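Peer 1: Quick paste of what Swiss-Prot says about this protein:
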- Gly8, Ile9, Ser10, Gly11, Ser12, Gly13, Lys14, Ser15: ATP binding site (BINDING)
- Asp57, Ala58, Arg59, Arg60: GTP binding site (BINDING)
Amino acid sequence: MQINLITGISGSGKSVALRAFEDAGYDCVDNLPVSLLVNLIITLEKEQCERVAVAIDARRGQSIADLPSTLENLRKSHQVRIVFLNADTNTLIQRFSETRRRHPLSTNAKQPQSATLIEAIDKERNLLEPLRAQAHSIDTSNIPAHALRSWIQDLLKDKPIGLTVVFESFGFKKGVPSEANLVFDVRCLPNPHYDKVLRPLTGNDKPVKEFLEKIPEVVNMEADITQFIHRWLPHYIADGRSYLTVAIGCTGGQHRSVYLVNRLSEYFRKQKDFGILQLNFLDRHRELDSIPVAKS
């Protein structure tokens with residue numbers, strides 16, 4: 001059975017992620033107590049369920065500490081994937097303010113709401129840190145709900161085994177993705193933004209590709225990043241990791257980083273050098289994916 005555990009910081013988008021799993025045909029359970037997880041899996045096995053997504057949060061406090069060992073036992077006979085939703089504290093405070101909902105771990109109403117909320121968020125981060133360390137982490141601070149749904153849909157296309165390498169473009173204007181394991185700063189490369197014709201386009205467009213692929217610095221940067229990843233990827237695999245996020249950043253996350261992420265993703269998808277190792281590759285464009293989808 002494929003077991004997908006959805007967890008993370010309250011307000012980071014767990015409900016959106018769970019709905020994406022449900023839309024993909026998974027049996028879904030929300031807010032399941034940790035103590036009931038094993039019994040749930042046994043019941044679903046009897047019903048011949050093949051795929052399940054379970055959302056668990058930290059509202060039951062210290063019981064979450066038992067979850068890593070529970071998951072380790074489940075991995076002996078099932079495929080287990082953990083999806084961890086995260087966001088920076090300021091974004092979470094804003095979201096709770098907009099929805100006027102209380103944080104599940106907010107218990108002291110005598111203090112100002114902002115102080116109580118910050119304490120609750122910090123407590124939740126500490127409780128969930130052991131899970132985040134072994135999960136596929138998604139920072140939702142700068143992405144809307146539709147982008148998160150799209151990213152989850154892409155994730156579901158991959159097998160929940162082996163190492164998943166995520167190539168993600170971003171703009172430094174909005175900060176470095178918190179889930180990034182490797183960060184490459186490509187702001188030193190010539191910027192298509194200063195070409196009036198190329199400015200409204202993106203790294204996905206042919207004119208921008210043709211512009212960048214002719215620049216020696218871009219070619220050398222791509223070669224150096226490729227060589228670095230190619231050399232060290234086997235070591236990350238040997239380290240037992242399930243996920244590796246390679247973030248490429250330029251100023252706005254529109255041209256240079258998008259182009260290089262596409263090039264890297266295309267290159268590594270074609271590689272056979274890693275033998276029988278099972279590798280999955282995903283590519284994301286944080287700033288482009290955040291653009292609202294036009295309604296038809």
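For all residues, glycine too, the Cβ spot is worked out from N, Cα and C.
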Peer 1: Among the binding-site residues Gly8, Gly11, which residue has the largest number of other Cβ atoms within 10 Å of its own Cβ?
Peer 2: Gly8
Peer 1: For Ala58 (GTP binding site), find which of the binding-site residues Gly8, Ile9, Ser15 come within 10 Å, Cα to Cα.
Peer 2: Gly8, Ile9
Peer 1: Residues with Cβ closer than 8 Å to the Cβ of Arg59 (GTP binding site), same chain and 6+ apart in sequence?
Peer 2: Ser10, Asn31, Pro104, Leu105
Peer 1: Out of Gly8, Ile9, Ser12, Gly13, Lys14, Ser15, give those binding-site residues positioned within 10 angstroms of Asp57 (GTP binding site), comparing C-alpha atoms, in sequence order.
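Peer 2: Matched binding-site residues: Gly8, Ile9, Lys14, sequence order.
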Peer 1: Taking the centroid of the Cβ atoms of Gly8, Ile9, Ser10, Gly11, Ser12, Gly13, Lys14, Ser15 as the ATP site, which other residues of that chain lie with their Cβ within 8 Å of it, listed in sequence order?
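Peer 2: Here the non-site neighbours turn out to be Asp57, Leu85, Ala87, Thr140.
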Peer 1: Where's the emptiest Cβ shell within 10 Å among the binding-site residues Ser10, Ser12, Ser15?
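Peer 2: Counting other Cβ atoms within 10 Å of each of the binding-site residues Ser10, Ser12, Ser15, the minimum falls on Ser15.
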Peer 1: Compile a sequence-ordered list of residues in the same chain as Ile9 (ATP binding site), six or more apart from it, whose Cβ lies below 8 A from its Cβ; state 'none' when nothing qualifies.
Peer 2: Leu85, Asn86, Ala87, Leu92, Ile121, Glu124, Arg125, Leu128
